[in-house]
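What Swiss-Prot annotates here:
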{"type": "BINDING", "residues": "7-14, 20-21, ARG59, 86-89, LYS97, 113-114, 182-183", "note": "substrate binding site"}
{"type": "ACT_SITE", "residues": "HIS8", "note": "active site, tele-phosphohistidine intermediate"}
{"type": "ACT_SITE", "residues": "GLU86", "note": "active site, proton donor/acceptor"}
{"type": "SITE", "residues": "HIS181", "note": "site 'Transition state stabilizer'"}
Amino acid sequence: MELVFIRHGQSEWNAKNLFTGWRDVKLSEQGLAEAAAAGKKLKENGYEFDIAFTSVLTRAIKTCNIVLEESDQLFVPQIKTWRLNERHYGQLQGLDKKQTAEKYGDEQVRIWRRSYDTLPPLLDKDDEFSAHKDRRYAHLPADVVPDGENLKVTLERVLPFWEDQIAPAILSGKRVLVAAHGNSLRALAKHIEGISDEDIMGLEIPTGQPLVYKLDDNLKVLEKFYL
């Protein structure tokens, strides 16, 4: 059994080195090209999908669409879920990473970005960019919508969807594509690879590159590689 992850192509805020999180930004020109190249590469290598899962953020949805279109599979059903959203960076969202490091220190920013269980400063629910004001999340209980997350909380958000939707799809024989975000994919990788809390800090997932997992019947990883 195989599973393919792809982190969205470079976004406009990736290009500007800004914290993005749940803020909804578009792909950059480079990001559009990365997604198209990924789709072509998947086609060249014979990858076909029966179902695709993505987030409710534009950059991941657009990447998913382009990948499927470029691999002649735009007909493949897509399921969009907030549970695959990027980690919510709280008050850091929209801030320049370099300027934030100059203000708080490199080590503090590194901990905010990479630590497994350290929360960023939380965003006020009344903030104009709060997810509580976004109709994408209007169906969710207020106490479920985050104001800031660490990777631990992100994993707790993503895992129920893995167990309820993604894993059963794989086990039923479906060929699965997950088009999501750096930290939601890191959270899934931590779970399926059994990565420790310490080692997950060093895991980077590049934009727009298909990551293939070969899995056994218990969804244990046999092999992992980038196309």
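Here the Cβ of each residue, glycine as well, is placed from N, Cα and C on the backbone.
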Length of the line joining the Cα atoms of ARG87 (substrate binding site) and HIS181 (site 'Transition state stabilizer'), in Å = 8
Where does ARG87 (substrate binding site) sit in DSSP terms: helix, strand, or coil?
-> coil
For ARG7 (substrate binding site), just give me the three-state DSSP call.
-> strand
Check the Cα-Cα distances from GLY21 (substrate binding site) to the recorded positions HIS8, GLU86, HIS181 and tell me which is shortest.
-> GLU86
Quick one, of the recorded positions ARG7, HIS8, LYS97, HIS181, which Cβ has the fewest other Cβ within 10 Å?
-> LYS97
If you measure between the CA atoms of HIS181 (site 'Transition state stabilizer') and TRP13 (substrate binding site) and round to the nearest Å, you get 13
Ordered by sequence, the long-range same-chain Cβ contacts of TRP13 (substrate binding site) under 8 Å (at least 6 apart) are PHE19, THR20, ARG23, VAL25, GLY94
Do you know offhand how many angstrom separate GLN10 (substrate binding site) and GLU86 (active site, proton donor/acceptor) by C-alpha?
-> 14
Which residues, sitting 6 or more apart from GLY182 (substrate binding site) on the same chain, put a CB under 8 Å from its CB?
-> ARG7, GLU86, GLU204, ILE205, THR207
